[in-house]
Amino acid sequence: MASLQRKGLQARILTSEEEEKLKRDQTLVSDFKQQKLEQEAQKNWDLFYKRNSTNFFKDRHWTTREFEELRSCREFEDQKLTMLEAGCGVGNCLFPLLEEDPNIFAYACDFSPRAIEYVKQNPLYDTERCKVFQCDLTKDDLLDHVPPESVDVVMLIFVLSAVHPDKMHLVLQNIYKVLKPGKSVLFRDYGLYDHAMLRFKASSKLGENFYVRQDGTRSYFFTDDFLAQLFMDTGYEEVVNEYVFRETVNKKEGLCVPRVFLQSKFLKPPKNPSPVVLGLDPKS
(Lines of atoms letter the chains of each structure in order from A and count residues from 1; the text may use other names and numbers.)
(Lines give C-alpha, C1' and ligand atoms only; values in the text may rest on other atoms or scores of the structure.)
Protein backbone atom coordinates (compact mmCIF):
# COMPACT_ATOMS: atom_id res chain seq x y z
CA MET A 1 0.00 0.00 0.00
CA ALA A 2 1.22 3.49 -0.87
CA SER A 3 -0.33 6.92 -0.31
CA LEU A 4 0.03 9.94 -2.58
CA GLN A 5 -1.12 13.29 -1.19
CA ARG A 6 -1.72 16.74 -2.65
CA LYS A 7 -3.68 19.83 -1.64
CA GLY A 8 -6.03 22.04 -3.62
CA LEU A 9 -8.78 24.66 -3.51
CA GLN A 10 -11.21 22.88 -5.84
CA ALA A 11 -13.37 19.86 -5.02
CA ARG A 12 -12.55 16.49 -6.54
CA ILE A 13 -13.94 15.86 -10.05
CA LEU A 14 -16.18 12.79 -10.21
CA THR A 15 -16.02 10.07 -12.82
CA SER A 16 -19.17 9.55 -14.92
CA GLU A 17 -19.93 6.35 -12.97
CA GLU A 18 -19.66 8.21 -9.66
CA GLU A 19 -21.94 10.98 -10.92
CA GLU A 20 -24.53 8.40 -11.96
CA LYS A 21 -24.43 6.71 -8.56
CA LEU A 22 -25.00 9.97 -6.68
CA LYS A 23 -27.88 10.90 -9.02
CA ARG A 24 -29.55 7.55 -8.37
CA ASP A 25 -29.19 7.71 -4.59
CA GLN A 26 -31.51 10.65 -3.86
CA THR A 27 -34.07 9.01 -1.57
CA LEU A 28 -33.86 10.42 1.95
CA VAL A 29 -34.26 8.50 5.19
CA SER A 30 -37.71 9.18 6.69
CA ASP A 31 -38.20 12.07 9.12
CA PHE A 32 -39.20 9.61 11.85
CA LYS A 33 -35.97 7.62 11.49
CA GLN A 34 -33.91 10.82 11.28
CA GLN A 35 -35.38 12.06 14.58
CA LYS A 36 -34.63 8.67 16.15
CA LEU A 37 -31.01 8.84 14.94
CA GLU A 38 -30.65 12.31 16.47
CA GLN A 39 -32.11 11.18 19.79
CA GLU A 40 -29.88 8.09 19.87
CA ALA A 41 -26.68 9.73 18.61
CA GLN A 42 -24.84 9.36 21.91
CA LYS A 43 -25.99 5.77 22.37
CA ASN A 44 -24.82 4.85 18.85
CA TRP A 45 -21.34 6.30 19.43
CA ASP A 46 -21.14 4.57 22.80
CA LEU A 47 -21.98 1.25 21.12
CA PHE A 48 -19.37 2.00 18.46
CA TYR A 49 -16.67 2.28 21.13
CA LYS A 50 -18.04 -0.78 22.93
CA ARG A 51 -17.61 -2.85 19.74
CA ASN A 52 -14.26 -1.42 18.68
CA SER A 53 -12.64 -0.57 22.02
CA THR A 54 -9.47 1.44 21.27
CA ASN A 55 -8.64 -0.49 18.11
CA PHE A 56 -10.62 1.22 15.33
CA PHE A 57 -8.62 4.41 14.69
CA LYS A 58 -4.85 4.58 14.34
CA ASP A 59 -2.86 7.02 16.48
CA ARG A 60 -2.55 10.31 14.62
CA HIS A 61 1.15 11.08 14.59
CA TRP A 62 0.69 13.36 11.55
CA THR A 63 -0.92 16.15 13.56
CA THR A 64 2.13 18.31 14.30
CA ARG A 65 3.47 17.76 10.79
CA GLU A 66 0.24 18.85 9.13
CA PHE A 67 -0.60 21.65 11.56
CA GLU A 68 2.52 23.76 11.98
CA GLU A 69 0.38 26.00 14.20
CA LEU A 70 1.07 23.67 17.12
CA ARG A 71 4.70 24.80 16.97
CA SER A 72 4.46 28.27 15.47
CA CYS A 73 1.93 29.67 17.96
CA ARG A 74 4.65 29.69 20.63
CA GLU A 75 6.89 32.69 21.17
CA PHE A 76 9.69 30.42 22.44
CA GLU A 77 10.29 26.67 22.11
CA ASP A 78 9.49 25.48 25.64
CA GLN A 79 6.53 27.81 26.18
CA LYS A 80 3.56 26.07 27.78
CA LEU A 81 0.70 25.52 25.35
CA THR A 82 -2.90 24.97 26.46
CA MET A 83 -5.01 23.11 23.95
CA LEU A 84 -8.52 21.72 23.73
CA GLU A 85 -9.28 18.62 21.74
CA ALA A 86 -13.00 18.83 21.11
CA GLY A 87 -14.13 15.29 20.38
CA CYS A 88 -11.10 13.32 21.52
CA GLY A 89 -12.47 9.80 21.00
CA VAL A 90 -10.17 7.33 22.78
CA GLY A 91 -7.13 9.62 22.58
CA ASN A 92 -5.62 8.76 19.17
CA CYS A 93 -4.63 12.38 18.66
CA LEU A 94 -4.31 13.44 22.31
CA PHE A 95 -1.71 10.95 23.53
CA PRO A 96 0.75 11.25 20.60
CA LEU A 97 0.73 15.03 21.14
CA LEU A 98 1.32 14.76 24.89
CA GLU A 99 4.08 12.22 24.29
CA GLU A 100 5.78 14.33 21.64
CA ASP A 101 5.55 17.67 23.42
CA PRO A 102 6.12 17.85 27.22
CA ASN A 103 5.01 21.51 27.27
CA ILE A 104 1.39 20.87 26.30
CA PHE A 105 -1.50 20.87 28.77
CA ALA A 106 -4.67 19.52 27.18
CA TYR A 107 -8.36 19.73 27.87
CA ALA A 108 -10.12 16.91 26.04
CA CYS A 109 -13.78 15.98 25.80
CA ASP A 110 -16.01 13.56 23.94
CA PHE A 111 -19.71 12.87 23.40
CA SER A 112 -19.29 9.23 24.44
CA PRO A 113 -18.87 8.39 28.16
CA ARG A 114 -17.31 5.06 27.12
CA ALA A 115 -14.65 6.83 25.02
CA ILE A 116 -13.75 9.01 28.01
CA GLU A 117 -13.33 5.90 30.18
CA TYR A 118 -10.93 4.43 27.61
CA VAL A 119 -8.90 7.66 27.69
CA LYS A 120 -8.64 7.51 31.48
CA GLN A 121 -7.52 3.86 31.31
CA ASN A 122 -4.65 4.67 28.93
CA PRO A 123 -1.20 4.26 30.59
CA LEU A 124 -0.24 7.71 29.27
CA TYR A 125 -3.18 9.41 30.99
CA ASP A 126 -1.83 11.93 33.51
CA THR A 127 -4.06 14.37 35.39
CA GLU A 128 -1.10 16.76 35.65
CA ARG A 129 -1.02 17.02 31.84
CA CYS A 130 -4.66 16.77 30.82
CA LYS A 131 -8.21 17.23 32.02
CA VAL A 132 -10.68 14.88 30.32
CA PHE A 133 -14.47 15.08 30.54
CA GLN A 134 -17.68 13.97 28.83
CA CYS A 135 -19.45 16.73 26.91
CA ASP A 136 -22.15 17.16 24.28
CA LEU A 137 -20.67 20.17 22.48
CA THR A 138 -24.06 21.14 21.03
CA LYS A 139 -25.62 21.78 24.46
CA ASP A 140 -23.18 21.34 27.40
CA ASP A 141 -21.30 24.53 28.29
CA LEU A 142 -17.53 24.11 27.96
CA LEU A 143 -17.13 26.87 30.56
CA ASP A 144 -18.17 24.33 33.20
CA HIS A 145 -14.78 22.67 32.65
CA VAL A 146 -12.52 25.18 30.87
CA PRO A 147 -11.86 28.80 31.95
CA PRO A 148 -13.02 31.47 29.46
CA GLU A 149 -10.49 32.54 26.82
CA SER A 150 -7.79 30.26 28.28
CA VAL A 151 -7.00 27.98 25.33
CA ASP A 152 -4.19 28.60 22.81
CA VAL A 153 -5.41 26.19 20.15
CA VAL A 154 -8.51 24.04 19.57
CA MET A 155 -8.26 20.76 17.66
CA LEU A 156 -11.44 19.79 15.82
CA ILE A 157 -10.36 16.60 14.05
CA PHE A 158 -13.00 14.33 12.43
CA VAL A 159 -15.64 15.55 14.88
CA LEU A 160 -17.93 18.12 13.28
CA SER A 161 -18.91 15.65 10.53
CA ALA A 162 -20.69 13.54 13.17
CA VAL A 163 -22.90 16.47 14.23
CA HIS A 164 -26.21 17.33 12.53
CA PRO A 165 -25.58 20.29 10.15
CA ASP A 166 -28.29 22.32 11.93
CA LYS A 167 -26.30 22.10 15.19
CA MET A 168 -22.74 22.59 13.94
CA HIS A 169 -22.80 26.32 14.72
CA LEU A 170 -23.53 25.48 18.38
CA VAL A 171 -20.24 23.57 18.58
CA LEU A 172 -18.33 26.51 17.11
CA GLN A 173 -20.01 28.98 19.49
CA ASN A 174 -19.11 26.76 22.43
CA ILE A 175 -15.40 26.51 21.62
CA TYR A 176 -15.28 30.23 20.77
CA LYS A 177 -15.89 31.03 24.45
CA VAL A 178 -12.80 29.18 25.70
CA LEU A 179 -10.41 30.15 22.88
CA LYS A 180 -8.08 33.11 23.47
CA PRO A 181 -8.53 36.09 21.11
CA GLY A 182 -6.02 35.89 18.27
CA LYS A 183 -5.77 32.09 18.55
CA SER A 184 -6.92 29.36 16.17
CA VAL A 185 -9.14 26.35 15.60
CA LEU A 186 -7.37 23.61 13.62
CA PHE A 187 -9.86 21.58 11.59
CA ARG A 188 -9.61 18.36 9.60
CA ASP A 189 -12.59 16.29 8.45
CA TYR A 190 -14.22 14.49 5.54
CA GLY A 191 -14.40 16.42 2.27
CA LEU A 192 -16.96 16.32 -0.53
CA TYR A 193 -16.74 13.18 -2.73
CA ASP A 194 -14.47 11.31 -0.36
CA HIS A 195 -14.40 7.58 -1.09
CA ALA A 196 -16.47 6.92 2.06
CA MET A 197 -19.27 9.16 0.70
CA LEU A 198 -19.42 7.25 -2.58
CA ARG A 199 -19.60 3.88 -0.81
CA PHE A 200 -22.88 4.59 0.99
CA LYS A 201 -25.70 2.36 -0.17
CA ALA A 202 -29.07 3.67 -1.32
CA SER A 203 -31.40 4.68 1.54
CA SER A 204 -28.45 5.98 3.62
CA LYS A 205 -28.91 9.64 2.72
CA LEU A 206 -30.12 12.05 5.43
CA GLY A 207 -29.69 15.31 3.51
CA GLU A 208 -27.27 17.12 1.23
CA ASN A 209 -23.81 15.55 1.81
CA PHE A 210 -25.11 13.93 5.01
CA TYR A 211 -25.35 10.14 5.47
CA VAL A 212 -25.95 7.44 8.08
CA ARG A 213 -23.74 4.37 8.48
CA GLN A 214 -25.12 0.91 9.19
CA ASP A 215 -24.27 1.29 12.89
CA GLY A 216 -26.38 4.44 13.21
CA THR A 217 -23.47 6.90 13.39
CA ARG A 218 -23.66 9.75 10.89
CA SER A 219 -21.21 11.58 8.67
CA TYR A 220 -21.27 14.90 6.85
CA PHE A 221 -18.93 15.62 3.90
CA PHE A 222 -17.78 19.25 3.79
CA THR A 223 -17.26 21.70 0.97
CA ASP A 224 -14.81 24.51 1.61
CA ASP A 225 -17.55 27.13 1.04
CA PHE A 226 -19.95 25.54 3.55
CA LEU A 227 -17.23 25.28 6.20
CA ALA A 228 -15.97 28.83 5.68
CA GLN A 229 -19.49 30.24 5.96
CA LEU A 230 -20.17 28.19 9.09
CA PHE A 231 -17.08 29.52 10.86
CA MET A 232 -17.41 33.13 9.67
CA ASP A 233 -21.09 33.28 10.69
CA THR A 234 -19.91 32.35 14.21
CA GLY A 235 -17.33 35.15 14.34
CA TYR A 236 -14.13 33.45 13.15
CA GLU A 237 -11.80 34.59 10.38
CA GLU A 238 -10.59 32.22 7.66
CA VAL A 239 -6.82 31.67 7.52
CA VAL A 240 -6.43 28.42 5.56
CA ASN A 241 -9.19 26.28 4.04
CA GLU A 242 -8.15 23.65 1.50
CA TYR A 243 -8.88 20.15 0.28
CA VAL A 244 -6.40 17.36 0.92
CA PHE A 245 -6.51 14.70 -1.80
CA ARG A 246 -4.99 11.38 -0.91
CA GLU A 247 -4.86 8.31 -3.13
CA THR A 248 -4.22 5.03 -1.39
CA VAL A 249 -2.87 2.65 -4.01
CA ASN A 250 -2.81 -1.13 -3.64
CA LYS A 251 -0.71 -2.27 -6.62
CA LYS A 252 -1.19 -5.94 -5.81
CA GLU A 253 -4.97 -5.71 -6.11
CA GLY A 254 -4.99 -2.90 -8.67
CA LEU A 255 -7.03 -0.59 -6.43
CA CYS A 256 -6.84 3.18 -6.08
CA VAL A 257 -8.95 4.64 -3.29
CA PRO A 258 -9.48 8.43 -3.53
CA ARG A 259 -9.70 10.04 -0.09
CA VAL A 260 -10.75 13.67 0.29
CA PHE A 261 -10.40 15.69 3.48
CA LEU A 262 -10.80 19.36 4.31
CA GLN A 263 -7.95 20.86 6.32
CA SER A 264 -8.44 24.35 7.66
CA LYS A 265 -7.47 26.97 10.19
CA PHE A 266 -9.84 29.62 11.53
CA LEU A 267 -8.90 32.48 13.84
CA LYS A 268 -10.78 34.09 16.71
CA PRO A 269 -10.15 37.79 16.01
CA PRO A 270 -7.81 39.56 18.45
CA LYS A 271 -9.38 42.10 20.78
CA ASN A 272 -9.04 45.68 19.60
CA PRO A 273 -7.04 47.82 22.02
CA SER A 274 -8.86 50.79 23.52
CA PRO A 275 -8.56 53.77 21.17
CA VAL A 276 -6.22 56.52 22.33
CA VAL A 277 -7.69 60.02 22.02
CA LEU A 278 -4.88 62.48 21.38
CA GLY A 279 -4.78 65.78 23.22
CA LEU A 280 -6.71 64.65 26.29
CA ASP A 281 -5.22 64.35 29.77
CA PRO A 282 -6.07 60.79 30.96
CA LYS A 283 -6.39 62.13 34.54
CA SER A 284 -8.97 64.75 33.64
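Glycine is no exception: its Cβ is also placed from the backbone N, Cα and C atoms.
These numbers come from a predicted model, not from an experiment.
The S-adenosyl-L-methionine binding site annotation in Swiss-Prot covers Trp45, Tyr49, Gly87, Asp110, Asp136, Leu137, Ile157. The number of other Cβ atoms within 10 Å of the Cβ belonging to Trp45 (S-adenosyl-L-methionine binding site), over all protein chains shown, comes to 23.
Marked as S-adenosyl-L-homocysteine binding site by Swiss-Prot on the basis of experimental evidence: Tyr49, His61, Glu85, Gly87, Asp110, Asp136, Leu137, Ile157. Taking the Cβ of Asp136 (S-adenosyl-L-methionine binding site) as centre and 10 Å as the limit, one finds 17 other Cβ atoms among all the protein chains shown.
Residues within less than 8 Å, Cβ to Cβ, of Leu137 (S-adenosyl-L-methionine binding site) and separated from it by at least 6 positions along the same chain comprise Ala86, Gly87, Cys109, Phe111, Val159, Val163, Leu170, Val171, Asn174, Ile175. Residue annotation for S-adenosyl-L-methionine gives Trp45, Tyr49, Gly87, Asp110, Asp136, Leu137, Ile157. The furthest Cα pair among them is separated by 18 Å.
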